[in-house]
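So the structure is just underneath, and the comments pick up after that.
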Amino acid sequence: MAKKKEFRQAEVNIGMVGHVDHGKTTLTKALTGIWTDTHSEELRRGITIKIGFADAEIRKCPHCGKYSTSPVCPYCGHETEFERRVSFIDAPGHEALMTTMLAGASLMDGAVLVIAANEGVMPQTREHLMALQIVGNRNIVIALNKIELVDREKVMERYQEIKEFVKGTVAENAPIIPISALHGANVDVLLAAIEEFIPTPKRDPNKPPKMLVLRSFDVNKPGTPPEKLVGGVIGGSIVQGKLRVGDEIEIRPGVPYEEHGRIKYEPITTEITSLQAGGRFVEEAYPGGLVGVGTKLDPFLTKGDLMAGNVVGKPGQLPPVWDELTLEVHLLERVVGTEEELRVEPIKRREVLLLNVGTARTMGLVTGLGKDTVELKLQIPVCAEVGDRVAISRQVGSRWRLIGYGFIRE
């Protein structure tokens with residue numbers, strides 16, 4: 001019987017990315033035992049809508065050398081040894097949810113690109129790989145899933161097709177692991193590849209804490225008596241430093257208010273009353289995994305993900321808030337994610353673009369154009385550092401499509 005280990009927080013975030021229905025959620029379940037689609041509409045439609053997090057311990061058997069997520073080796077029955085705890089981020093693969101995937105991509109330290117053997121490379125496979133390229137994520141493993149649906153020749157054909165597809169991209173040297181998430185086949189080889197190709201980033205715990213908010217909630221049930229109400233909860237991932245229960249925190253850009261007919265945003269400060277990581281209450285939380293931060297905020301401010309896109313840190317230590325941005329822009333040659341090949345037209349003055357900055361998304365009206373720069377007035381302000389990457393999308397038909405990226409300039 002395996003000994004009970006003390007709880008460890010996940011130390012690395014690994015994205016599950018790829019086209020809709022290629023098996024990202026099934027693979028997450030095969031690795032973690034958790035079905036991340038728990039939203040009622042997700043269960044009804046059978047697709048991921050919100051970003052799901054699921055933690056797993058990667059363990060190695062000292063006897064047969066195989067990797068698994070179980071305390072007892074499923075291959076030889078010996079007790080396994082703990083390697084590290086990781087958090088899998090299950091991102092939506094549906095084209096209409098691309099901006100949600102981009103918010104998740106900003107939190108990923110590495111990614112598993114899932115491609116179904118029966119369908120091969122599809123439009124959102126391209127779009128998700130480009131999203132990883134845009135956020136600068138180079139730690140990638142490719143899972144060629146659903147091999148149970150095709151013969152050996154087809155698997156080899158898909159392997160060559162994928163090799164061709166990733167040439168010249170951040171995934172050019174990524175290993176391609178044939179698996180069946182449904183039957184758990186080759187999952188040990190996939191875990192070995194994750195251990196080799198997706199290292200835990202070196203982090204400085206003494207840096208000022210910074211957490212990107214992905215969601216927020218009111219956890220009080222309807223009809224709770226006033227004396228039993230608890231403050232609003234914000235969920236996200238710490239990207240640097242650490243947070244402790246009792247810390248005073250600032251949230252930027254904060255909450256909207258109206259002044260002279262215009263919407264403005266005001267940063268807010270509050271105190272951390274509880275911290276949850278990996279489903280457990282902890283006194284201190286670090287980068288890695290989804291962290292739930294209990295606060296003294298009015299739950300009205302946090303219900304229904306109202307705080308998503310904010311940045312949390314110590315008062316006075318957060319990056320600036322921008323109402324206008326100057327971006328050094330790099331446009332792609334072709335629009336990503338469409339069936340037909342469309343060239344990316346130059347950005348025009350007065351055009352409205354969709355910008356993803358960390359977990360925040362905002363509309364930007366183009367007010368000025370330089371040789372390689374674009375000036376934009378933002379609909380919702382963002383909290384970001386000079387030099388941060390911004391994903392740029394344009395409306396093509398009825399969908400927002402990735403057309404490039406930029407870096408924030410002074």
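Cβ atoms are placed via backbone N, Cα and C, with glycine included.
Residues annotated as region 'G1' in Swiss-Prot: 18-25. Over the region 'G1' (18-25) the predicted model carries a mean pLDDT of 82.
As annotated by Swiss-Prot, Mg(2+) 2 binding site applies to ASP21, GLY46. Its Cβ taken as reference, ASP21 (Mg(2+) 2 binding site) is surrounded by 17 other Cβ atoms within 10 Å in the chains shown.
According to Swiss-Prot, the GTP binding site annotation covers ASP21, HIS22, GLY23, LYS24, THR25, THR26, ASN145, LYS146, ILE147, GLU148, SER180, ALA181, LEU182. Taking a C-beta cut-off of under 8 Å and a sequence gap of six or more, SER180 (GTP binding site) has these contacts in its own chain: ASN145, LYS146, ILE147, GLU148, ASN186. Under DSSP, SER180 (GTP binding site) is assigned to a strand (E or B) in the three-state scheme.
The feature Mg(2+) 1 binding site is assigned by Swiss-Prot to THR25, THR48. A simple way to gauge crowding: the CB of THR25 (GTP binding site) has 25 other CB atoms within 10 angstroms, across all the protein chains here.
Feature annotation from Swiss-Prot assigns region 'G2' to 46-50.
Feature annotation from Swiss-Prot assigns Zn(2+) binding site to CYS61, CYS64, CYS73, CYS76. Of all Cβ atoms in the protein chains displayed, 12 besides its own lie within 10 Å of the Cβ of CYS76 (Zn(2+) binding site). A coil conformation is recorded for CYS76 (Zn(2+) binding site) in the three-state DSSP classification, outside any helix or strand.
What Swiss-Prot records for 90-93 is region 'G3', and it gives similarity to another entry as the kind of evidence.
Summarising the annotation, Swiss-Prot assigns region 'G4' to 145-148 and lists similarity to another entry as the type of evidence.
Residues ASP21, HIS22, GLY23, LYS24, THR25, THR26, ASN145, LYS146, ILE147, GLU148, SER180, ALA181, LEU182, recorded as binding GTP, reach a greatest CA to CA spacing of 17 Å. Under a cutoff of 8 A between CB atoms, and with a sequence separation of 6+ in the same chain, the neighbours of GLY23 (GTP binding site) are VAL114, ALA116, ASN145, LYS146, ALA181, LEU182. Residue pair THR25 (GTP binding site) / CYS73 (Zn(2+) binding site) shows a Cα separation of 23 Å. Neighbour counts of Cβ atoms within 10 Å were compared across the binding-site residues CYS61, CYS64, CYS73, ILE147, LEU182; the minimum falls on CYS64. For the region 'G4' (145-148), the number of residues in each DSSP class (helix H, G, I; strand E, B; coil) is 2 helix, 1 strand, 1 coil. Secondary structure counts, DSSP: the region 'G1' (18-25) has 2 helix, 0 strand, 6 coil. Between the C-alpha atoms of ASP21 (Mg(2+) 2 binding site) and CYS61 (Zn(2+) binding site), the distance comes to 32 Å.
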